[in-house]
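Taking it in order: structure first as C-alpha cells, then the write-up.
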Amino acid sequence: MDPSMANNPELLQFLAQEKERAMVNEMVSKMTSVCWDKCITSAPGSKFSSSESSCLTHCAQRYMDMSMIIMKRFNSQ
C-alpha cells in the first residue's frame, strides 16, 4: 500500500467496514453450519418441521448470545 494512503481516513474507515462485514459473514456461515448439523437430522422437505424450526431458532439465538459474551470478554481485556 502506498504510505500516503495509510493515513487516509476514508480508506481506513472503508477497510474497517470491510473487515467487519467479513467477520459477520464468517459468523453467519459458521452459525448456519453448526445449527444445520445439529437441527436437521434427515433430508429436508419443502418446509422445516416445527421441531426443526424451533431447534434452528434456539440454536441461532444461543450462538449469537455466546458470540456477544465472547466479544464483550475480549473487549474488556
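Indices start at 1 and increase along the chain as displayed.
Using the three backbone atoms N, Cα and C, a Cβ is placed for every residue, glycine included.
These come from Swiss-Prot:
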| type | residues | note |
| --- | --- | --- |
| DISULFID | C35-C59 | disulfide bond |
| DISULFID | C39-C55 | disulfide bond |
| MOD_RES | M1 | N-acetylmethionine |
| MOTIF | 35-59 | motif 'Twin CX3C motif' |
Separation of alpha carbons, C35 (disulfide bond) and C55 (disulfide bond) (Å): 8
Cβ neighbours within the same chain of C59 (disulfide bond) - under 8 Å, at least six residues apart: M31, V34, C35, K38, C39
Number of other Cβ atoms within 10 Å of the Cβ of C39 (disulfide bond) across all protein chains: 19
Number of other Cβ atoms within 10 Å of the Cβ of C55 (disulfide bond) across all protein chains: 17
